[in-house]
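These come from TrEMBL:
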- 1-359: domain 'FMN hydroxy acid dehydrogenase' (DOMAIN)
- 24, 129, 164, 254, 257: glyoxylate binding site (BINDING)
- 77-79, 106, 127, 155, 230, 252, 285-289, 308-309: FMN binding site (BINDING)
- 254: active site, proton acceptor (ACT_SITE)
């Protein structure tokens, strides 16, 4: 089968992966309304393309936290990638580096920060869950810093794990031979089979439910790395993130895996962008499957997007080559969207290039 768009990787991944693994990657919380909405909301944003503009040269490059990258498309943190492919996070690291963009490594990776660093140069961020044992967090942040990671993406929407019914039905556990490599020497690396989701039990036992805004200051005291706050979907929290010195915000609903019936991230984006008033960059994570989605996010004020499930499914389908192709397809589609919209650089993408269904009133049909 010739792959012509990113969504086709999911079908291949579903055929190749064990049911427990595919369901873990693909499913959302409870009714999975937000999971569908993360995609559907993009279809309610339409283009207002400008014509007769010389688009013979288009520049899709940008900077994130001062780092030059080839495009505003980055890889989101996704856990346990060796369930998808034997090379796991190492393949993803090599592919993102080759694409000239940023990879975010999950705390719950099946390759360690040191192993990922050993794949060669690349700009990498580290996603952090704060454990009850703060010494574990200190050690982990220090290791990420020493391994050359450039920022911490602090996940703030997971004091408890969302109710993911597929994982409960499948009694999700880490397959034999795999561990959470970053915690291996700390007796925190196993997710065993339970009468529920093994991951939910693990989170309940290890992750600090008392995490609060003051812990941003605590993190700043143990690392010099910039801290991105991942999981903000309201203006109120965006303003507080600015006050506490966050380096950036990632608008995310955790791939619709936490609280169901929250808005799609693309719906929440503009509210957050307006609230920060340009004081820090805002990124979008969730639902991006097309270059057109990337353009829409930037038009609504995002400085870039992160893709999660497309990375996993392309990894499962074809390893490093799959992730490379996935990133290239998104880049090519995005560049084409820019050309057909009359934009030659990211600076030229504006709110005037789109209209949304919330820009104009829904008129009732005229009475007969």
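Each Cβ is built from the backbone N, Cα and C atoms, and glycine gets one as well.
Keep in mind it's a predicted model, so treat the numbers as computed, not measured.
For residue 285 (FMN binding site), the nearest of the binding-site residues 24, 129, 164, 254, 257 in terms of C-alpha separation is 254. Mean per-residue pLDDT, taken over the domain 'FMN hydroxy acid dehydrogenase' (1-359), amounts to 95. Those residues noted as binding glyoxylate (24, 129, 164, 254, 257) have their most widely separated CA atoms at a distance of 19 Å. Sorting the binding-site residues 230, 254, 257, 289, 309 by the number of other Cβ atoms within 10 Å puts 230 first. The shortest Cα-Cα distance between residue 79 (FMN binding site) and any of the binding-site residues 24, 164, 257 is the one to 24.
Taking only the Cα positions, the spacing between residue 164 (glyoxylate binding site) and residue 287 (FMN binding site) is 18 angstrom. Ranking the binding-site residues 77, 127, 287, 289, 309 by Cα distance from residue 24 (glyoxylate binding site) puts 309 first. Residue pair residue 287 (FMN binding site) / residue 254 (glyoxylate binding site) shows a Cα separation of 10 Å. A 10 Å cutoff on Cβ-Cβ distances gives residue 24 (glyoxylate binding site) a total of 22 other Cβ atoms nearby, all chains included. Distance between Cα atoms for residue 129 (glyoxylate binding site) and residue 77 (FMN binding site): 11 Å, as a whole number.
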